[in-house]
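K.L.:
Quick one: structure below, then a few questions.
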Amino acid sequence: MVKHQPLQVYERQLCLSCITGIYGCRWKRYQRSHDDTTKWELLWSLILLFTFCLLLVWFYFWWEAHNDYNEFNWFLYNRSGEWSDGTVPILATTAAGFTYIAFLMVLALCHVALGQQLNLHWLHKIGVTAALLTTVAGVISVNQTWGQEWDVIPISLQATGPFLHIGAVAAVTALSWIVAGQVARAEKTMFQVVVMLLYLSVLLGLYVLPLYITSPCIMEPTSLGPRPDVIGRQGAPMLAPENTLWSFQRALQMNVTGLEADVAISEDGVPFLMHDRMLRRTTDVGKVFPDRQTEEASFFNWTDLQQLNAGQWFLKDDPFWTVRSLSPHEKTLIANQSVCSLEQLLKLASYHNSTVVFRLRRPPADHPCYYSWINDTLQAVQRSGVPQGLVMWTPDEHRAQVRQLLPGLIQTSVEKLTPQSLHRSGISRLLLRYNQANAQDISDFSESHVNLTLYTVNQPWLFSVLWCSGVSSVSSEAPHVLKKVPYPVWLMRPNEYCLMWVSADLISFAVVVGIFVLQKYRMSGMRSYNPEQIMLSAAVRRSSRDMSVMKEKLIFSEVGNGVSGDELYADNGYDYYTNQGVVSQ
């Protein structure tokens with residue numbers, strides 16, 4: 001009696017092979033398994049999930065921190081002494097790492113959906129570990145050197161929160177297909193209950209999350225205040241060299257209402273415009289005075305400062321990637337810029353009737369003007385002939401003396417104080433970084449008639465949030481960008497937003513219910529979930545032509561072994577295998 005071997009027919013599963021091969025280097029069928037994932041691999045799955053979430057936050061942080069890239073590069077310059085765009089390598093590595101980890105997460109979800117055992121390859125484990133450690137190191141570094149920038153996340157969520165919520169609901173709704181499949185296949189009731197409770201808890205939390213989302217842009221359009229005034233911080237430093245006359249002229253062309261500058265005192269008592277303590281970055285001091293390039297700017301006299309070129313560095317370094325957009329005439333003007341004095345700036349502002357706010361830096365203790373720096377600055381203001389009502393005075397030192405000599409100056413504080421303290425000090429304006437004042441602070445200052453200016457506002461989304469919050473003016477390094485924002489990026493009535501998120505929740509709930517019902521119906525007729533077995537079972541239902549070929553192959557095989565054709569069709573013979581289907585190896 002000859003024992004018949006069933007003919008095995010395998011359907012090609014290129015997609016499954018790619019999924020298991022790329023994730024765990026399991027390219028062959030016999031390497032794959034439907035057994036439960038080991039605890040060690042579950043631990044690596046959790047590490048992968050944590051890395052993905054951390055990289056997601058890290059990527060979002062750097063995306064929204066675009067408003068302050070120049071500030072970050074300046075921090076790096078103070079530490080290294082060399083100017084470079086440090087955000088480029090950070091963005092490149094963050095994007096690459098996030099893409100890689102997100103791809104592994106998709107592959108892991110595909111494994112779960114197909115019932116395959118998770119088995120992350122050791123090379124991927126090294127990659128995940130490297131991505132995790134690199135991101136953690138980056139978070140620690142930013143926290144130590146640029147900790148104030150973390151505030152950009154909650155502030156940006158005021159602009160992106162309503163839309164991120166819709167995206168999160170859509171993502172969790174899509175995951176219901178995998179969750180429903182796991183619940184339908186599970187044999188243990190406890191597992192089903194735990195999975196359902198976890199999933200429904202997350203889903204319900206997302207459904208009610210809009211109750212806790214606050215944004216000043218969710219308001220009635222009639223309640224929107226006037227457009228905030230824009231002050232050109234260092235002029236228009238993205239279009240021209242910072243703190244030069246041409247930079248301020250470019251800012252005025254962008255319809256700014258004020259100009260902001262950084263002021264130092266020269267050795268002979270002339271206030272001039274300079275942001276850095278040294279001249280290396282924004283002048284050619286290394287060429288004109290090679291022995292003094294590490295010397296502090298305040299120890300140069302005005303005659304020496306006038307010999308320096310303050311524009312060629314901009315064309316060479318292209319700090320904002322804007323040089324290629326400049327015309328030949330603009331490049332010629334930039335190449336001939338020199339160090340600008342405070343008096344020159346005030347005369348320009350007076351001609352255009354623009355407000356001027358400057359940050360005055362006191363010279364070092366061994367400087368000849370260490371004690372006379374306030375008087376030297378006041379004399380420059382008087383010589384310029386600018387109306388006092390156009391000048392915002394920020395130094396706190398000798399404020400009472402300044403008020404006596406020039407009572408018309410707008411007393412401005414750069415320190416956050418209560419409205420009552422400001423009024424007692426005779427201060428009517430406040431200049432703060434945008435993260436130092438929330439919506440409630442803005443409202444309180446407005447009600448107390450304190451004019452609040454927030455810096456540095458370069459991105460339309462931040463300008464829109466502050467506009468909706470009621471800020472009266474902002475200081476910007478990109479007035480050419482804000483000029484193109486005549487209205488908030490988005491503004492939504494409360495009832496419209498309520499309708500939007502309730503509709504999204506209802507649609508999501510209906511889709512989730514439908515998916516669970518469909519998955520239960522699909523799994524009800526299956527004894528076990530085995531993609532390969534399903535494919536093999538489907539193979540026996542091929543066309544009659546394919547079945548005839550299979551019969552012929554079996555007959556020829558048995559005849560070759562000395563078995564007659566009649567024996568092949570005996571009871572429980574070939575028909576048995578045809579009825580039962582092919583069996584997997």
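Cβ from N, Cα, C; glycine included.
So TrEMBL says this about it:
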DOMAIN    228-486  domain 'GP-PDE'
TRANSMEM  42-63  transmembrane segment
TRANSMEM  90-114  transmembrane segment
TRANSMEM  126-143  transmembrane segment
TRANSMEM  163-181  transmembrane segment
TRANSMEM  193-213  transmembrane segment
TRANSMEM  499-518  transmembrane segment
K.L.:
With Cβ-Cβ distances below 8 Å as the criterion, list the same-chain residues six or more beyond the ends of the transmembrane segment (126-143) that contact it, or say none.
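P.N.:
Those are 44, 47-48, 50-51, 54-55, 58, 61, 90, 93, 97, 100-101, 104, 120, 149-150, in sequence order.
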K.L.:
If you count Cβ pairs under 8 Å, which stretch among 42-63, 90-114, 499-518 touches the transmembrane segment (163-181) the most?
P.N.:
499-518
K.L.:
Would you report the average pLDDT that the model assigns to the domain 'GP-PDE' (228-486)?
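P.N.:
Here the predicted model's pLDDT, averaged over the domain 'GP-PDE' (228-486), is 95.
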K.L.:
Below 8 angstroms Cβ to Cβ, which residues of this chain, lying six or more residues outside the transmembrane segment (90-114), approach it?
P.N.:
16, 19-20, 22-23, 45, 48-49, 51-52, 55-56, 58-59, 62, 120, 124, 127-128, 131, 134-135, 138, 175, 177-178, 181-182, 531
K.L.:
Would you mind listing the long-range same-chain contacts of the transmembrane segment (499-518), meaning Cβ under 8 Å and 6+ residues beyond its ends?
P.N.:
162, 165-166, 169-170, 172-173, 176-177, 180, 183, 203, 207, 210, 492
